[in-house]
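Here's what TrEMBL has on this protein:
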- B:76-99: transmembrane segment (TRANSMEM)
- B:120-145: transmembrane segment (TRANSMEM)
- B:151-176: transmembrane segment (TRANSMEM)
- B:188-212: transmembrane segment (TRANSMEM)
- B:232-253: transmembrane segment (TRANSMEM)
- B:289-311: transmembrane segment (TRANSMEM)
- B:331-349: transmembrane segment (TRANSMEM)
- B:382-404: transmembrane segment (TRANSMEM)
- B:416-437: transmembrane segment (TRANSMEM)
- B:444-463: transmembrane segment (TRANSMEM)
- B:483-503: transmembrane segment (TRANSMEM)
Ligand SMILES: Nc1ncnc2c1ncn2[C@@H]1O[C@H](COP(=O)(O)OP(=O)(O)OP(=O)(O)O)[C@@H](O)[C@H]1O
Ligand SMILES: [Mg+2]
């Protein structure tokens with residue numbers, strides 16, 4: 001597979017403050033890639049560099065085989081962007097904005113535009129000034145999704161959408177992806193959305209990539225919570241390297257365990273004789289909370 | 001009204017430089033006039049001579065109003081006759097900036113959810129602006145008394161200027177309630193100010209319609225005749241108007257929702273036909289362009305009409321002092337065209353600052369993420385800021401020349417065309433600021449103000465020639481001539497090119 005986005009060792013400083021410190025981001029063509037990180041981690045800044053709006057201070061950036069700064073206009077024919085903070089021209093109607101952006105990108109699919117307006121339940125005749133935050137967001141989404149761009153760059157695209165509309169967004173992205181094999185870079189704070197849509201994801205913190213891979217491989221990084229009733233006493237559990245927060249209360253033990261240590265830990269339990277056992281699977285939430293806070 | 005105090009402190013904090021700067025600067029000028037008139041006209045006979053010439057000069061009367069006496073105080077008060085317009089303009093801009101602009105940016109909602117009454121923003125903006133005008137009042141009175149002028153006249157002069165500020169501050173507070181957009185609120189208020197000025201001008205110059213100056217708040221302020229008749233009645237009228245506008249504004253505040261205006265937005269087309277960045281720029285600029293062209297048309301008609309009702313311009317002005325010549329030669333019309341040139345520069349700067357507006361609101365980011373290049377986007381707005389003022393000047397000059405009488409047309413059009421490169425220099429300076437120092441782009445207004453001060457007051461204040469030379473308008477000939485035209489155009493081209501280069505290499509949005 002070819003690479004749609006290849007960012008290696010990206011550095012960006014604003015004056016004296018360095019915001020990106022050697023960030024890596026690799027997105028394969030045809031995948032939906034989640035881009036996560038706490039507030040101020042540098043997601044929007046990275047995206048602006050990918051769009052040639054900002055100049056990198058160092059590192060290597062490739063976008064659809066070109067250089068995002070010097071080949072900006074040519075590359076922009078092949079992508080559509082939904083900014084993190086959607087603002088529209090207050091005196092234009094939603095329909096006018098959608099058609100304007102479509103026209104600038106070299107035309108948009110009218111049938112698809114009308115279908116999307118319908119599904120997102122958006123009235124295109126209203127002046128942008130009078131749209132709510134969610135409706136402004138929908139205008140930008142319809143404009144991007146109705147284009148035939150091969151790459152969609154979406155910066156927190158569902159912020160402000162109600163749960164129903166979030167669901168529509170998910171369906172549309174899945175359909176789009178199934179139909180055309182479009183590449184999507186999706187920056188988001190909504191974990192269920194990332195879980196539902198993304199094949200791979202990259203987590204950044206303070207301008208640095210801290211984790212990248214498929215959802216399954218990231219799950220490996222998480223801990224399982226074990227709660228067991230034992231027949232006898234368990235020995236040596238506390239000394240296993242991947243066991244955390246161990247509590248032993250007579251014959252009752254609870255602990256968290258890293259995925260690699262799961263097997264040896266279970267052996268110890270079996271040695272002591274198991275009366276009952278519950279295990280809670282790792283949640284992405286926990287993974288993120290740990291990655292964000294580390 | 002709860003929370004007004006907090007909001008006042010917030011405004012003072014945000015405007016801690018701007019507010020004192022304009023109030024003090026403007027307030028010091030009358031005393032400056034007094035001391036330089038003392039130098040220019042040392043004896044009473046000199047003063048009387050100057051007053052006699054000025055009283056009969058339609059150009060002077062148009063700009064500064066009528067003059068009835070020849071004491072130093074009266075001449076200073078008269079010569080500062082354009083101040084009510086400046087003070088009114090700054091005051092209304094300040095009030096709208098702290099009411100509707102804030103609300104449009106969504107910050108009022110943020111504050112409104114705290115313990116702040118619904119009239120707090122309205123009251124805070126008005127109180128601060130009235131406060132600034134009181135400072136202005138105090139400084140004018142004290143410095144004029146310091147120049148040895150009578151106390152009564154000095155107090156009335158300060159008071160009349162401060163009240164003109166208050167009238168237009170209150171007007172701004174009302175128009176801020178009418179529309180959801182600060183731009184519209186500003187436009188309405190500025191049009192009213194312009195109409196007030198033009199009514200006063202027409203009433204003063206053309207004695208057949210002298211009642212017109214009594215329809216205009218600016219006319220009232222001038223009919224105080226400080227140091228002469230010292231008439232208080234017009235000030236009472238102004239005070240009543242302020243009270244009326246404040247009541248009207250506060251009623252409007254309680255009648256409407258946060259974020260909305262009284263003029264409701266109507267639904268528009270479901271599909272768009274805007275094509276390309278230039279089509280978008282046309283949509284964004286056309287309203288303002290139409291407004292300015294209508295404004296210039298009105299000014300042209302008034303100036304031309306006034307000129308035609310004056311029998312012999314040239315003869316009247318043949319012995320005028322150098323001061324009038326600075327204003328653009330010895331003809332009333334050419335002087336008025338110089339004023340039109342400055343107004344056109346204000347339009348050019350306003351249109352070019354749209355670039356910064358678009359960037360700051362995130363619109364530029366959306367456009368530049370499409371295949372539109374930076375140069376194309378920049379050009380789409382620069383075209384309007386260069387050609388818009390040209391169109392406005394052309395319309396103004398044409399109507400002025402036609403109403404003044406056919407034989408004047410060529411002169412007037414030539415004079416208008418001669419202003420254009422100077423206008424472009426200021427537009428191009430704005431483009432340079434936008435490209436290289438985007439956060440300071442609105443400093444271009446400072447340049448317009450400086451040119452204005454130099455044109456209106458440079459000669460009276462006796463500024464050095466090199467200071468006068470800083471303004472491109474100093475170099476404009478009285479008619480169309482090649483050297484200044486080409487030189488100024490070249491300077492504008494260099495500035496604009498430098499701005500474009502800087503813009504192509506910087507981050508968007510800039511920090
Ligand atoms: N133009 C700028 N000048 C200076 N600092 C900036 C600029 N733009 C962004 N920053 C800083 O860079 C950091 C990263 O910002 P960025 O907007 O990329 O974060 P983000 O990951 O998108 O956060 P969020 O999840 O809140 O959207 C922040 O600390 C921000 O203050
Ligand atoms: Mg962001």
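Here the Cβ of each residue, glycine as well, is placed from N, Cα and C on the backbone.
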- line: Other same-chain positions with a Cβ less than 8 Å from the transmembrane segment (B:232-253) and lying at least 6 residues past its termini are 118-119, 122, 126, 156, 159-160, 163-164, 166-167, 170-171, 173-174, 176-178, 217, 220-221, 223-224, 262
Message: Let me check one thing: do the transmembrane segment (B:289-311) and the transmembrane segment (B:120-145) come into contact, meaning three or more Cβ pairs under 8 Å with sequence separation of at least 6?
response: no
- prompt: Taking 3+ C-beta pairs under 8 angstroms (sequence gap of 6 or more) as contact, is the transmembrane segment (B:331-349) in contact with the transmembrane segment (B:120-145)?
  reply: no
Winner by Cβ pairs under 8 Å against the transmembrane segment (B:76-99), considering only B:120-145, B:151-176, B:188-212: B:151-176
